[in-house]
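Engineer: One structure coming up, written as structure tokens, with questions to follow.
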Amino acid sequence: MATPNPSALDGLELDYVRFYVGSLDTARDWLVRGYGLGERQLDDAGPDWASVRSVEIGANDVRFIFSEPLVEDHPGTAYVDHHGDGVSDIALRVSDAKAAFEAAVARGARPVAAPTSAGGVVTASIMGFGDTLHTFVEYPGGAPSPIVANAEEPGALLEIDHFAVCVESGHLDATVDFYRDVLGFELIFDETIAVGAQAMTTKVVQSKSGSVTFTLIEPDTSKEPGHIDDFLKDHGGAGVQHIAFSTNGIIEAVDLLRDRGVEFMGTPDSYYADLLQRVAPEQYSVANLRDQQVLVDEDHDGQLYQIFARSVHPRNTIFLELIERLGARGFGSGNITALYQAAERQRDHS
């Protein structure tokens, strides 16, 4: 057997995100009606065409595949029974899927599906965090074209900026080691955040291409339980808590999505009253941010603007984020503390 080529993993990029869902129609409505993403049917000629119903949804570099299992022995059935709707696979596009698979397994990845070819597309899968897979995908003629290409329009959703992944207490370092040692990711951010009686540790890993970013979050179980603990309990283990869309105009995007019926998490008025003491927004006025309930944070590289949509999941687990970066490379950790303090002040005065 040939020695695995470690460089086969160097150029990996995000390809698609697969959700297993209990109702394909409900899931489609969530992103097509609510977020304005386009859809196209997938080829049903695959080996499991009779056991699952799928649709591809996306825009620009955002690409999802929603799959509804139709039979009890499909792996998606057990997934939905355990987690509810959720991310089951974060696929990684590579130039050689077989070489990438062999290199990852040689470095300690747990193999799930050996390389196989269908219609010229080669795929192979390994286990990632929790029971979420990473499928290596090799296309014969390059990546598929976008379903919707509107990147020049104000408020467009451009790509997936990052995934926020919750892991059980004690599993964070091993998860970071997996992405660094097996897939060649780099650790780009490391912070412990304490808010009130709660605390969590965040470590961010990113692929060498910059295309795939995981914000890995572990709760501090010596403190009071918080929303990370809630996710792990309600989801049934480690998994994707939220997905952040990059946008070229967050104010326009929020306005468009609200008109489509998307509900966003509210922000206390005291957050904006104190904002200029913490950061001076460069792209938007405080009034604009307050009107749309958008948050702002900054680091040494610039500013970012973000807002979180309310979860529509029956278990209140996975949700979506919009983010616009003006040079900033962080993930809005300053907003966690600022929001907590604002909420506490508002509660004290109510």
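Numbering starts at 1 and runs along the chain as it is shown here.
Cβ atoms are placed via backbone N, Cα and C, with glycine included.
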Engineer: Using only what TrEMBL says about Fe cation binding by His242, Glu321, identify which of His134, His162, His171, His300 is listed for that site too.
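Structural biologist: Answer, per TrEMBL (Fe cation site with His242, Glu321), from His134, His162, His171, His300: His162.
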Engineer: How do the residues of the domain 'VOC' (13-139) split into helix, strand and coil according to DSSP?
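Structural biologist: DSSP classes over the domain 'VOC' (13-139) add up to 31 helix, 57 strand, 39 coil.
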